[in-house]
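J.: Look at TrEMBL and you will find 1-10 tagged as compositional bias 'Basic and acidic residues'. Annotated compositional bias 'Polar residues' per TrEMBL: 37-47, in sequence order. Here TrEMBL flags 59-84, 96-115, 127-146, 152-173, 216-236, 257-277, 289-307, 369-387, 392-412, 424-445, 457-481, 501-521 (among others) as transmembrane segment. Taken from TrEMBL, the feature domain 'Major facilitator superfamily (MFS) profile' applies to 61-525.
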Amino acid sequence: MDKTISKDELFPAVTEKSSGQASEKEHQGVSSDEEAQSASLGQDGSPLQQMRVSKTKGVGVITTLAGINGLNTMGSGILIAALPRIAKDVGLPSGLMLWPAAVYALAAGCLLHVFGSFADILGPKRVWVAGSFLFVVFTVALGLSTTGIQVIMFRTCLGVAMAMCLPTSVSLITNTFPKGHWRNTAFAMSGMAQPLGYALGLVLGGIFTDTIGWRWAYYIMAMVNFVISVISVWSLPDVRHPSKKTWVRRLREDVDWIGVIILSVALALLMYVLAMITSDWRNIRKPVQIVLLVVSMLLLAAFPFWMHRQVQIGKPALIPNRLWRKASFTSACLCVFFCWSSLNGIEYFATLYFQEVQGLSALQSSIRYFSQIVMGTSVNVVLVYLISRVKVITLVVVSTCITLISPALMATVGEHENYWFRPFWALFLCPVNPWVLFSVSNLLISDAFPAEIQSLAGGVFNEVAQFGNAVGLAVTAAIAASVTEHSHAEGKTATMDGYRAAFWTIFASTATVLIISLVGLRRVGTIGRTEKD
């Protein structure tokens, strides 16, 4: 397995005076019955860390972190399943149909790195709990929305709230569980929760839309979120980085604010252009979109030069360039980019296939996603056992090959094909790689980086996933619309031509995951073992 990067290797130019994050010892308050034990020694003679909290609190930590990850994508699943009804009820114009989904990814994607930096200064628990309770408030507000503008606005606020939770999860898990079974289980459950939450959202969204109404799907989601938020106050570890500076001074001096502005503006412009392309592929021809895209590319190109400058003069750097020199981390980010764009793309177009081509209701189409829930649960159970016993490259490559079958099946499906033939197997197999990859990647982050920057690394990783989602939907939607428009066929046949082109694009994206993992993860061994192992 790759050697863990030390703080000095990662931030050679950042001294204790210039950064309060990378040079301070981490402390964690625990009750008397939860004190860390050090009876056994590791191979280097250092004490082996034992369970830092009681088993009850351990279960609470896993429940809260996996729960919020599931709610993150559940809301999007509900939205996709219920979008036609939501648009009708709130008067959302057809040109803005995809905006509620796009603005969520836009807000979350632009702020994950910001809140990751905040969490490394203020403490991950504070940021996570605040974000979780805000998510409750805005979920209820979304259910109460009466206009299209309100739906878009509250989905944006939900993206901001979720950006406070996602980057802190890695740090909270590693500060609760030592290497071994508990940590592996925590990451496996958190990794499973995102695709499982999306599948559950599709199912519940369809059921509620055709029964008691789509609003109740969000109300129930808010109730679950509130319970999780209350549990988190008790269960999550209070991780802090003591400093002589006040937290206000640390935010002012220890955060690379110019880097924050450069990256946030660049991502905001890029994701806005992608959202416009997703709504109508012809928008890419408009001068305003071209200008915004060019400005975004220039800012993204300037960002690494600014990072280099900050490190050279001994100032805090938002995402130091050395972060990307860890081959396993960079490869995991690239894999999750293409993997997430594939997963959301195939589920989005499969839903359109069921409803637009086969004419099924939201309820009928949502029931067809139960197979994903079954597969996800099975993969998670097996992964907890395998993750510390099988090499990372084997897990990722095998799971990618399995998932690669899914878009190929949907790309060759017939307009009136029986669900139990190709559609069932396509949906059954498509989440295998995302389930495995997300869990494995989080463990790689926890092993590769010191605790003081794990929230930042987690924020970058989740930001890449959100960006992959936005890019994947924009590209596949543009391809599908263009092929349909230029098809010589008419009606549903032309629509299917576009969908098939989208599925083949998703196939290529999944194949890219396979290539990257074979090259970038080949030197990574097993992860998640205790030092005894």
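Each residue's number is its place along the chain shown, starting with 1.
Each Cβ is built from the backbone N, Cα and C atoms, and glycine gets one as well.
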J.: For the transmembrane segment (216-236), I need the partner stretch with the highest count of C-beta pairs below 8 angstroms, choosing only from 59-84, 152-173, 289-307, 392-412, 457-481.
T.: 59-84
J.: In terms of Cβ proximity under 8 Å, which residues at least six beyond the ends of the transmembrane segment (392-412) contact it?
T.: 1, 328, 335, 342, 346, 349-350, 353, 379, 383, 386, 422-423, 425-427, 429-437, 440, 444, 499-500, 503-504, 506-507, 510-511, 513-514, 517-518, 521-522, 524-527
J.: For the transmembrane segment (289-307), name the stretch out of 96-115, 257-277, 424-445, 457-481, 501-521 with the most CB-CB pairs under 8 Å.
T.: 257-277
J.: When you scan the chain for residues with a C-beta under 8 Å from the transmembrane segment (369-387), skipping those not six or more beyond its ends, what do you find?
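T.: That would be 181, 184-185, 188-189, 191-192, 195-196, 199-200, 202-203, 347, 395, 399, 424, 427-432, 435-436, 439-440, 443, 526-528.
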J.: Should anything in the same chain at least six residues away from the transmembrane segment (457-481) have a Cβ under 8 Å from its Cβ atoms, list it; otherwise answer none.
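T.: That would be 98, 101-102, 105-106, 108-109, 112-117, 119, 166-171, 267, 271, 274-275, 277-278, 280-281, 284, 319, 323, 329, 332-334, 336-342, 344-345, 348-349, 438, 441-442, 445, 448-449, 498-499, 501-502, 505-506, 509.
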J.: Do the transmembrane segment (152-173) and the transmembrane segment (96-115) share at least 3 Cβ pairs closer than 8 Å, excluding pairs fewer than 6 residues apart in sequence?
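T.: Touching, yes - the transmembrane segment (152-173) and the transmembrane segment (96-115) meet the threshold of 3 or more Cβ pairs under 8 Å.
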J.: Test the contact criterion for the transmembrane segment (127-146) and the transmembrane segment (424-445): 3 or more CB pairs under 8 Å, pairs 6 or more apart in sequence, then answer yes or no.
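T.: Since fewer than 3 Cβ pairs under 8 Å link them, the transmembrane segment (127-146) and the transmembrane segment (424-445) do not come into contact.
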J.: Need a quick answer: max count of Cβ pairs under 8 Å to the transmembrane segment (424-445), which of 59-84, 257-277, 501-521 is it?
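T.: By Cβ pairs under 8 Å, 501-521 leads among 59-84, 257-277, 501-521.
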J.: What residues elsewhere in the chain lie close to the transmembrane segment (96-115), defined as a C-beta under 8 angstroms and at least 6 residues from its ends?
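T.: Cβ under 8 Å, 6 or more out: 75-76, 79-80, 83, 86-87, 127, 131, 148, 151-152, 155-160, 162-164, 166-168, 260, 263-264, 267-268, 271-272, 274-275, 278-279, 318-319, 456, 459-460, 462-463, 466-467, 469-470, 473, 477.
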J.: Which sequence-distant residues neighbour the transmembrane segment (59-84)? Criterion: at least 6 residues beyond either end, Cβ under 8 Å.
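T.: Those are 53, 97, 100-101, 104, 128, 132, 135, 139, 142, 155, 158, 162, 165-166, 169, 172-173, 176-177, 185-186, 189-206, 208-209, 214, 217-218, 221, 224-225, 228-229, 231-232, 234-237, 347-348, 351, 355, 362, 365-366, in sequence order.
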